[in-house]
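Trainee: Below are the features I grabbed from TrEMBL:
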- His111, His148, His152, Glu211: Zn(2+) binding site (BINDING)
Amino acid sequence: MIKWPWKEQETTRNDDWPWDDALAIPLLVNLTEQEQARLIALAERFLQQKRLVALQGLELDPLKSARIALLFCLPILELGIEWLDGFHEVLIYPAPFVVDDEWEDDIGLVHNQRVVQSGQSWQQGPIILNWLDIQDSFDASGFNLIIHEVAHKLDMRNGDRASGIPAIPLRDIAGWEHDLHAAMNNIQDEVDLVGETACSIDAYAATDPAECFAVLSEYYFSAPELFAPRFPALWQRFSQFYRQNPLQRLRDNREDENNRSSNVH
């Protein structure tokens, strides 16, 4: 009998997901109670519709699965679960994985090489992740593997391949392209000045428009104070697309904390 590697361990159905514990991560702390409730409802539907498949001995308990589902649904909180149509499985390795990469050079020669990947998204296939980087996606640092791959999926809804332009009105495409390329050029200027490792925003964003959209989607949700002041025009376009405002959430939460502190005697 053939044993398919992606059938190693699937998540079991669980009607009693530990949502309170799953929500207790820095990335989600700024959501209002109403937003948390709607995010949980989306995450429950996500877990009903998708299979989380653990590979190479990784074990997925209910808490891990619940947090993965919450992060998948954060970008589509105001868009709807149907925006995650087009795939049925999420494959999860314990750590970054090696894949065979094929690319064509400027003169048409095809090259093959083995490369280490953190995640992958396919047009009509699964999303592939790794648990090591998923854990690093719980904070508010600007890095979020799940949001990155979800952004690629949202991008692909606008065509056969990721282009950096999600499904937005035709009248907005020229402005989106202009602001996205301006951000890419700005990030590349910083890379040229200080180097990739010292760049304040992940230098991968400067490689092409699709990666710029995915990387800046990470910052949009997990580091809005870095994104918004640096690229205000693009920030507004992201806010119109995602229909959220993580920066305002952050400010509101800080104001609430300050008010609570001032009321302590």
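Note that Cβ sites are derived from N, Cα and C of the backbone, with glycine treated the same way.
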Trainee: With an 8 Å cut-off on Cβ-Cβ distance and a minimum sequence separation of at least 6, pull the same-chain contacts of His152 (Zn(2+) binding site), or say none.
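Mentor: Sequence-distant Cβ neighbours: Ser121, Ala162, Ala210, Ala214.
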Trainee: Give me the count of other Cβ atoms within 10 A of the Cβ belonging to Glu211 (Zn(2+) binding site).
Mentor: 20
Trainee: What count of other C-beta atoms do you get within 10 angstroms of the C-beta of His148 (Zn(2+) binding site), across all chains shown?
Mentor: 24
